[in-house]
Amino acid sequence: MAGDVPTSRRAVLLAIFIAFGNKRFLFGYDMGVISGCLIMPDFIRRFGQEGTDGQYYLSSSRQSIIVSLLSAGGAIAQAFTSDRMGRRGSILFWSAIFTCGVAIQTGTTYSLVQLVIGRFIAGLGVGSLSAIVPLYNGETAPKAIRGTILVIYQVQIISGIFLSYLLELGSHTINNSASWRIPIGLQMVWGIILLSGMFFLPESPRHLLGTGRSDEARKVVAELNGVPEDSALVIGIVEELDFAIKAENEGGKATWLECFSTRNALWRRTINGMMLQFIQQLNGQNFYYYYGDTFFQSAGAGQVLKLPALSPYIIQTVLGAVSVAGTLPALYFIEVWGRRKSLLLGASLQAVCAIIVALVGHFTLASSGTPISMLTARNKSGGDVVIAFAVLQVFIYGTTWGPTPWVYLGESFPLRVRPKSIALGSATNWFWNFMLSFFSPRIVAQIGPMIMLVFFCMLVFGYIYVYFAIPETKGLTLEEVDEMYGSGIQPWRSVGWRPSEKHYHHEVHEKRESDSVKGA
């Protein structure tokens with residue numbers, strides 16, 4: 001898609017709707033909800049174990065299973081539906097699966113098995129949507145706003161977390177199952193919104209062309225770019241897409257192995273997408289989301305925040321507000337800084353925060369569970385530092401490593417392998433989210449704040465990896481990204497790279513002449 005692309009109101013509305021109805025919002029909301037449910041008395045009584053003193057409790061193993069089962073769902077599954085059903089049809093299908101999973105959870109009474117099965121089914125839907133939505137956004141968004149639209153993808157998860165914290169702040173005082181059924185059941189609303197709204201949104205023009213529906217594709221391209229169907233812009237875009245699709249499909253149906261082929265460095269692109277998702281999950285931010293209330297309590301958060309009483313729900317809400325505030329600047333900086341600078345700057349600044357939290361926390365904080373009245377001046381001053389840098393790390397993550405890996409994943413692959421390559425990246429994200437949520441309680445029980453040293457090492461590794469492996473894709477169409485990788489340019493020299501003027505125009509012209517000769 002050569003040249004500057006106008007932005008239509010329909011494209012913006014499409015992005016906003018997908019943003020606040022899709023997987024990241026759903027997953028963010030669930031992440032916040034389930035962490036709050038784990039400390040609700042009625043939830044513990046129904047799904048916990050009775051101790052020797054007659055009191056019910058949730059063991060660390062049950063907490064791990066309940067929290068992590070959503071992440072065991074399938075981002076890979078969407079690869080089998082995105083081509084057969086289309087991007088739009090796949091979103092409809094997996095939204096329905098997610099809604100069914102939430103209904104099973106909400107209807108649970110005392111069965112832990114039913115609860116985790118419901119979370120697993122919901123995870124299948126959410127995991128599949130995690131791959132479909134950036135695929136859909138990357139294929140429908142005009143390049144002038146594609147980065148911003150894909151950043152909205154991260155705004156959703158933070159907005160979902162924050163909303164769940166607000167709801168639980170009000171519902172946790174209810175003395176029956178409504179305390180957890182209301183916030184969990186409200187997830188069905190988001191699923192129904194997405195189900196209903198997708199009937200009014202278009203199919204991906206790349207998918208339409210790939211399945212021979214060129215008239216529909218022209219109409220969608222015209223609507224998304226705010227120009228008539230017979231405009232030169234629409235004709236040029238459709239011709240370029242059509243040529244690229246035919247060239248990609250010459251080798252027959254794509255396989256999973258092809259995602260790692262040497263053609264146009266597909267193996268590098270797939271590995272890069274997977275590695276960015278892996279590093280993103282081990283930045284440390286999800287540790288704060290899942291277990292921050294306990295961590296902040298040992299740091300004396302009530303003293304720092306001037307609260308009359310330490311409440312995990314209030315602490316969660318404050319953290320959610322900071323997360324939202326940190327994500328919003330990314331809507332601007334993702335196009336100003338570009339992808340590489342966002343990742344490099346984010347890794348370096350977060351690494352500083354993580355090492356400070358690890359060392360100060362290890363040497364100054366009281367042990368977990370220490371009453372605030374027993375905190376020493378050293379504990380409190382150390383707590384001030386820990387909380388300040390923990391909050392700063394979450395803020396920086398929201399501006400850099402939160403959205404950027406999803407932007408990169410959504411704009412790095414040709415149509416031929418895009419569903420499978422994005423599925424591999426999303427599956428990597430889910431796998432490591434599962435590992436983090438499952439093992440974090442056990443690790444923290446052994447080493448406490450020094451778990452942040454693990455995240456520090458990962459951030460240092462992330463900086464090195466991005467510098468040597470991730471090229472800049474800002475301002476490039478999906479087809480130009482393909483050309484850039486094929487050119488073999490070194491990632492650290494890719495900033496400012498521009499495609500050859502004649503790349504697609506020359507090939508399209510040759511294709512026309514060839515077709516004319518055949519027709520004659």
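Glycine too: its Cβ is placed from the backbone N, Cα and C atoms.
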Matching range for TrEMBL feature annotation, transmembrane segment, among 1-20, 61-80 | 61-80
Stretch contact, the transmembrane segment (385-402) with the transmembrane segment (313-334), Cβ-Cβ under 8 Å, 3+ pairs | yes
Quick tally over 116-136, 313-334, 422-439, 451-470 of CB pairs under 8 Å to the transmembrane segment (346-365) gives the top stretch as 451-470
Would you call the transmembrane segment (116-136) and the transmembrane segment (313-334) in contact, using three or more Cβ pairs under 8 Å, pairs 6 or more apart in sequence?
-> no
Range from 92-110, 422-439, 451-470 with most C-beta pairs under 8 A to the transmembrane segment (179-201) | 92-110
Contact set of the transmembrane segment (92-110) with the rest of its chain, CB cutoff 8 A exclusive, min separation 6+ beyond the ends, reads 26, 46-47, 77-78, 81, 85, 117-126, 128-129, 132, 177, 181, 184-185, 187-188, 191-192, 194-195, 198-199
Report, as numbers and ranges, every residue of the chain located at least six residues beyond the transmembrane segment (451-470) whose Cβ falls under 8 Å of a Cβ in that stretch; write 'none' if there are none.
-> 268, 272, 275-276, 279, 282-284, 287, 339-340, 343-344, 347-348, 350-351, 354-355, 357-358, 361, 401, 408, 440, 443-444, 491-492
